[in-house]
């Protein structure tokens, strides 16, 4: 049991994002295979209207949308296709996937400088191909807090486009049903039933696992691409962006010092390929909160003095690239239920009034190997399994932030990151953590959780009412005195973990403008979680996928505007720049 207790925190981190169903299905070919190839099959030089770096939650819908408008699109993904990994097809393959350390794993592990273990997706579909699949839209304030030119009508249409293709209603039972009832008893009300909207109270959210237990990731959205206008390269690692210096025209609507004209990417054999943009084309980074700022730095967009220490020529001096990097802290408890329990994860969420922390839960069966088995016992054919259930809280925001810096000049290496958990001077994150954990305690004390306490007898001889003991905790239980702020804050600091919702590094207003364009450049955008200073709602994947669709639609609208303008204006007037919101 000591060995189990030692290893279970890692298991809890891994399993806290992934098990809805028990069976593993055989992966079937997806429609994107007809235009997807290994990067070794691509020519040394090629040309496109749009080059999208990163085939994740934003990159896939963006590529599908742009190709549907008739543009020639190249999507570059550093990992393989999800069908290459049968374990990704259903949630029961999550633990084997997340625990492998092979160089070709779809989940690349890394740790922050604080020592908090984390995961970085490396597969077509990005995080949506390896995560728990929970789907919920952003909180309404998100669209005023994040400074982009949001058209809320188009935002809703973009969400709906994603939902029609990917989102399902989960079957809530067992531990998830107990959490739902416990949240309501603990005052997290009203009960809103099933909804993908972010609403105060208790709700059932959407899932990208269907009724048969199969995952539907962002890669599935490539089915909506125009097949003759898109190519997808897997195991294609972008080394740098080609940025050419341009003469600054301060009378221009968008003054720039550098123009993106293409990228150089490496295939798995180390061979270099040049992908260039046509006139008026763009390079769009969708490589995530680690990949996008890393690639900007490698390409010479960042703090001048810092780039000089690496010998990187400066294309655009911007001190904020790699800064304002956030990760939402997670804390919680885990118990050993007295009887069997079903696999589930984050189907129900509690959103308290004020939205300081969100409450979620998971339940799973974990294989257990005793450290004395090989010494005292013969190994049995049937492994031993234990049931584990957890309730967790995610700190909203957060307010604390850190930064990213290069580990090397090799784009295959993850950068060094520090999130600076719970360091904001106002203690806002700590106070939110304490508030969330107190609600976790309230849920544990609810009648709905009673059956998960071990039976220790009956009230009367021959009676039917069962006496229940205390929970059997795995890891740290909540402090006995939950009213002591200092004790609760200490618990938050000692037990901090991640929910993989890290974001920032290319934040809006500092690195990109209101249309996701990299400030000081032409033909270069960033569309992914790196542009955000706040995590959208309880889980970001819905909004990241929406952003890919939304920006694609905005770009196509801009192209239509310019075509119409050229048709109806004299040549001299047609050369004028587009309005600032296109």
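Using N, Cα and C of the backbone, Cβ positions are placed for all residues, glycine too.
Of all Cβ atoms in the shown protein chains, 26 besides its own fall within 10 Å of the Cβ of residue 540 (FAD binding site). Residues or ranges marked as FAD binding site in TrEMBL: 123, 238, 500, 501, 529, 540, 541.
Other Cβ atoms within 10 Å of the Cβ of residue 492 (disulfide bond), summed over all protein chains shown, number 22. Under the heading disulfide bond, TrEMBL lists 433-492.
Taken from TrEMBL, the feature domain 'Glucose-methanol-choline oxidoreductase N-terminal' applies to 288-302. Residues of the same chain lying 6 or more positions beyond the ends of the domain 'Glucose-methanol-choline oxidoreductase N-terminal' (288-302) and with a Cβ under 8 Å from any Cβ of it are 53-54, 56, 78, 110, 120-121, 126-127, 238-241, 243, 258, 312-319, 321-322, 325, 404, 406, 409, 411, 414-415, 417, 502-506, 511, 518, 520-521, 526, 528-530.
Feature annotation from TrEMBL assigns signal peptide to 1-27.
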So residue 501 (FAD binding site), by the Cβ count within 10 Å over all chains shown, scores 24
Taking only the CA atoms, the spacing between residue 501 (FAD binding site) and residue 492 (disulfide bond), expressed in whole angstrom, is 18
Record-listed FAD binders 123, 238, 500, 501, 529, 540, 541 have a maximum CA to CA distance, in Å, of 25
Students should find that the Cα atoms of residue 540 (FAD binding site) and residue 492 (disulfide bond) sit apart, in Å rounded to an integer, by 23
CB neighbours within 10 A of residue 500 (FAD binding site), counting all protein chains shown, number 23
Across 123, 238, 433, listed as recorded positions, the smallest other-CB tally within 10 A is for 238
The predicted model's mean pLDDT over the domain 'Glucose-methanol-choline oxidoreductase N-terminal' (288-302) is 98
